[in-house]
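Some notes on the structure that comes next.
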Amino acid sequence: MFKNKNTDRKAGYKGKIDFENLPEHIAIIMDGNGRWAKKRFLPRTAGHREGVKRVMDTVEECGNLGIKHLTLYAFSTENWSRPKDEIDYLMRLLVEFLKSKLQEIHDNNVKLNVLGDLSRFDTKINSEINDAIELTRDNTKLILNIALNYGGRSEIVRATKLLWEKIRNNEINIDEINEESFKEFLYTKNQPDPDIVIRTSGEKRLSNFMNYQIAYSEFFFLDVNWPEFHSNNLHKVIYEYQQRNRRFGGI
């Protein structure tokens, strides 16, 4: 188990959480690294590096709380439009993260999964990612989905193409297709849809994130930048989520 910095379940919002009614899946749009750095007159790269620290803190706390699925939006299909030097730095940071944190992730029974099209990444990055996935494939405590070169629309297009191949090869009957069976062609197949979607930085938009899966998610837009996101923010979101009445279209 991760070393828990705060084992007191009675402290703050953590003490208000109903541990018998936890969300299964939390998804986070990690936004605001650049804003955090700008406020401190630092380069954007400093914000990205600080943001990586929050990744491990959040994985650790979700594991300690008993959350089973955590999805982190790390790099979108639109992020390739950023300056090349920033993209190169983000790629180096990804490799550094995998090399330095993979064993800790594995030792704590966390399964690493990647959502997105990896074909655009170079051989070194793909090798690191594939090694991480293979090492942790049988872990069961927490599934950590990292969205890389991910876009919600492109995921739906990809799923449609995969489904069409099955139909064309007579492997599936078109009458068997429904909303649930379509999920089997998404990157998140066999995982529950997110119960909670968190976006940091104060921005109130979804930025092409998990368009299919978040139809009934509860949204939380936080006025903190990602490097400022800590366990108390997570606890408050979970507590407030538990106070909501999820009707799923009913009364």
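Along the chain as shown, residues are numbered 1 onward.
Cβ atoms here come from the backbone N, Cα and C positions, even for glycine.
Listed in TrEMBL for this protein:
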| type | residues | note |
| --- | --- | --- |
| ACT_SITE | Asp31 | active site |
| BINDING | Asp31, Glu218 | Mg(2+) binding site |
| BINDING | 32-36, Arg44, His48, 76-78, Trp80, Arg82, Arg199, 205-207 | substrate binding site |
| ACT_SITE | Asn79 | active site, proton acceptor |
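Feature map: annotations from TrEMBL on the structure.
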residue : record                       : CB count, 10 Å
Asp31   : active site                  : 22
Gly32   : substrate binding site       : 25
Gly34   : substrate binding site       : 21
Trp36   : substrate binding site       : 23
His48   : substrate binding site       : 20
Thr77   : substrate binding site       : 19
Asn79   : active site, proton acceptor : 17
Trp80   : substrate binding site       : 11
Arg199  : substrate binding site       : 23
Glu218  : Mg(2+) binding site          : 17
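The two recorded residues Arg199 (substrate binding site) and the residue listed as 'active site' have their Cα atoms spaced 7 Å from each other. Put simply, the residue listed as 'active site' is 10 Å from His48 (substrate binding site) when counted between their Cα atoms. Of all the Cβ atoms in the protein chains shown, 16 others lie within 10 Å of the Cβ of Leu206 (substrate binding site). In the three-state DSSP scheme, Gly32 (substrate binding site) is classed as coil. A straight line from the CA of Asn79 (active site, proton acceptor) to the CA of Gly34 (substrate binding site) spans 13 Å. The two recorded residues Gly34 (substrate binding site) and Glu218 (Mg(2+) binding site) have their Cα atoms spaced 26 Å from each other.
In the three-state DSSP assignment, the secondary structure recorded for the residue listed as 'active site, proton acceptor' is helix. Distance between Cα atoms for Leu206 (substrate binding site) and Asp31 (active site): 11 Å, as a whole number. When secondary structure is read from DSSP and collapsed to three states, Glu218 (Mg(2+) binding site) falls in the strand class.
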